[in-house]
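Peer 1: Below are the features I grabbed from TrEMBL:
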- 23-48: transmembrane segment (TRANSMEM)
- 39-288: domain 'G-protein coupled receptors family 1 profile' (DOMAIN)
- 60-79: transmembrane segment (TRANSMEM)
- 99-118: transmembrane segment (TRANSMEM)
- 138-158: transmembrane segment (TRANSMEM)
- 196-219: transmembrane segment (TRANSMEM)
- 239-258: transmembrane segment (TRANSMEM)
- 270-290: transmembrane segment (TRANSMEM)
């Protein structure tokens, strides 16, 4: 007979036991979190209030920034609380909730990036039909579709995860509730679940990556036909930021999640997970703003409006 004790709390190991390193890590994560939230909120605000940024490209960029803020907020504040308070316990329900939102937001990001690449394809390859093809209703349908497909992908394995049993340990070798370290400590047979998750992850990765590659293949072919170098440079500049973000997102995902067995160990993934949840969300606003003249100009205009408003109060 199986004699399993129902687990109600997990213990998070964290990243380090060194007190000095903990302080440095806390400061680093706090600063990157604040910068990430501030940077992405600026993009969200600019795309909402500036009339020059009312295009499909900035609609998707705004929603990508919302995903980035949500993703880092699901992970980092909880870890900061753990380091500050010393309370490294997390309830079963809280852990499941965090894991669900981490995965659903991450999967949705891939489909948003795919929608953004299609938007660039239409803008460059079919410029005369751009406003007709990428109208507001189409953009909203794309956005809803991204979330719906993510739910369809995530819910089946997540539901199977509730059947897992824990008997020997409730210590999660990570700073947050991640799938791999949880599978590592369960005493249930996880082979089918791991293979199922692997298949879903590979199919999601390949489908979105193929769509992105196809979009940019047509984009590059079209750009190379432009008569002047100035036109080619301008067209490439509108896509370069998206290509950089796609490369970072797919690269980290391949490293962390596409692997055959969770029980082989997750130690090195801790560092990469920190970079994914803290550094990447900081980089994305700078990548999109510093390389985009329209966003930079919109930011300058907003600063001028805010400054003139405060001058009027004096």
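Keep in mind that glycine also has a Cβ here, set from the backbone N, Cα and C atoms.
TrEMBL annotations: computationally assigned, not manually curated.
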Peer 1: Given a Cβ distance threshold of under 8 angstroms, which distant residues of the chain, six or more beyond its ends, lie next to the transmembrane segment (60-79)?
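Peer 2: Residues 14, 29, 32-33, 36-37, 40-41, 43-44, 47-48, 90, 98, 101-102, 105-106, 108-109, 112-113, 115-116, 119, 139, 142-143, 175-176, 277-278, 280-281, 284-285, 288.
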Peer 1: Under 8 Å, at least 3 Cβ pairs, sequence separation 6 or more: does that hold for the transmembrane segment (23-48) versus the transmembrane segment (138-158)?
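Peer 2: When sequence-distant Cβ pairs are counted, the transmembrane segment (138-158) does not touch the transmembrane segment (23-48), since fewer than 3 lie under 8 Å.
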Peer 1: Tally Cβ pairs under 8 Å between the transmembrane segment (196-219) and each listed stretch (99-118, 138-158, 239-258, 270-290), then give the stretch with the top tally.
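Peer 2: Comparing 99-118, 138-158, 239-258, 270-290: 99-118 has the most Cβ pairs near the transmembrane segment (196-219).
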Peer 1: Give the one range among 99-118, 138-158, 270-290 whose Cβ atoms make the most pairs under 8 Å with those of the transmembrane segment (239-258).
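Peer 2: Going through each listed stretch, the top one turns out to be 270-290.
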Peer 1: Please give the average pLDDT for the domain 'G-protein coupled receptors family 1 profile' (39-288) in this predicted model.
Peer 2: 85
